[in-house]
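Participant: Let me give you the structure first, and then I'll get to my questions.
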Amino acid sequence: MSEPTITRAEVRRCIDNRGPGLRFPPAVERAFETYRRRHQARVTLATIGPTLLIYNLFLIVDFLLLPQTFLIALVAHLLVVTPAILLAGWLVRREPGLILRESLTATIPLAMVAQILFVYALNSGPSADQYQFLVLPVLIYACVNQRLDFRFAAATTALIVAAYLAVLLPHANTVATQLVGLTIMPCVAYLGIAASYRMEWDTRYAFLRRLQDRLKREEAELAARHDPLTGLANRYALERRIESLQTGLHGSDLSVAALMIDVDHFKAFNDHHGHPEGDACLQRIAGALYARLRNDSDLAVRIGGEEFLVLLHGAGLADAVRISERIRRAVEGFGIRHAERHDHDVVTVSIGAMAGSLARFRVDQLIDGADSALYAAKDAGRNRVWPPFDDADANAPGRTRHAPA
């Protein structure tokens, strides 16, 4: 399942509106569950060994307090509970869904408690009354170490307390033992549940902070690679793409095409119609460029001002010229009025194209060649593609993409 899309504003609202409740809005809750599933798998892997070691050291208590049932306890420890814990841990490491994962995690302390109460029920006397208190550290382990979802922690605690009292009350050797159990167990259960709630609240808050920081970094990285006005890539992203092509594909037969695009007489348009109209014009042209990209390997860049560059991955010169002509016609078709032009009454673009294999050209040489072709297009009268385009190919089918947000 892919991680849901979350905005930094949503996370900020979650942080600002944090109350005693533990649930997040659905999208954030799903992201938290994804994080928790992976985290719990790692924690289980790290703690399963120490858990088994400490639990099986309880056999020393069996040997000292209840030697008459030591062999039964040994079998229960090594042949029943330990394999059950290993199986539950293995399944949790496979990152199952919430209900199965938490149920498996809760199985570990529940199996321990079942073994302790079973052995306790087989014995009587003062030693047995001391033995039953082994349930207490297991309850603390369930609430604190296991880091169960609070709802499952509460249910697990309730099951442990109910099982403990169900065995203790009819079986205790003295009334004093019953009273001590009735006093201590609810107190430990309350402290365990309170700790579980507090830890989950803190875990969720820390998750929000980490998520906020991550989204902030991603936004900064995105801003560093994109032009804020048009949403196209910027010079920094272009440099990274050139570096990637030169490093990864240098010497290959892959053909790369470069298109240099310039808005004809844009300064006059901007001066006459104003900067807001100029910005809107550039945004529409950027949308036309982006819509003609064929896939994610192609790149549209705002070089600066009214100049743009398109890199076409795996395109020859014929492809480059066809796409250039589609861009030129699209911009002219917008019909954006240009009151300061004497040769045309709408905004147009001039485009220069060059293509070649990376075995013969560096990417910067292709860009320089496209720039020279752009000057040739301007010298030939603007609103045209250079090299010249065969009108018969203008209507060739091509994919388009939605403009950038």
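A Cβ is built for glycine as well, from the same backbone N, Cα and C atoms used for every other residue.
On a predicted model such as this, the values are computed, not experimentally measured, just so you know.
Take a look at what TrEMBL says about it:
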- 254-390: domain 'GGDEF' (DOMAIN)
- 386-405: region 'Disordered' (REGION)
- 43-64: transmembrane segment (TRANSMEM)
- 70-92: transmembrane segment (TRANSMEM)
- 104-122: transmembrane segment (TRANSMEM)
- 151-169: transmembrane segment (TRANSMEM)
- 175-197: transmembrane segment (TRANSMEM)
Participant: What is the three-state DSSP composition of the domain 'GGDEF' (254-390), stated as helix, strand and coil residue counts?
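Facilitator: Summed by class, the stretch gives 60 helix, 35 strand, 42 coil.
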Participant: Let me spell it out: take the transmembrane segment (151-169), skip the flanking residues so only those 6+ beyond its ends count, and list any with a Cβ under 8 Å from a Cβ in it.
Facilitator: 102-103, 105-106, 109-110, 113-114, 117, 120-121, 132, 135, 138-139, 142-143, 177-178, 181-182, 185-186, 189, 192-193, 196, 200
Participant: Would you say the transmembrane segment (175-197) and the transmembrane segment (43-64) are touching, if the rule is that at least three C-beta pairs must lie under 8 angstroms and be 6 or more residues apart?
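Facilitator: As far as Cβ distances go (cut-off 8 Å, pairs 6 or more apart), the transmembrane segment (43-64) and the transmembrane segment (175-197) do not touch.
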Participant: Just to confirm my parser: what is the rounded mean pLDDT across the domain 'GGDEF' (254-390)?
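Facilitator: Mean per-residue confidence for the domain 'GGDEF' (254-390): 91 out of 100.
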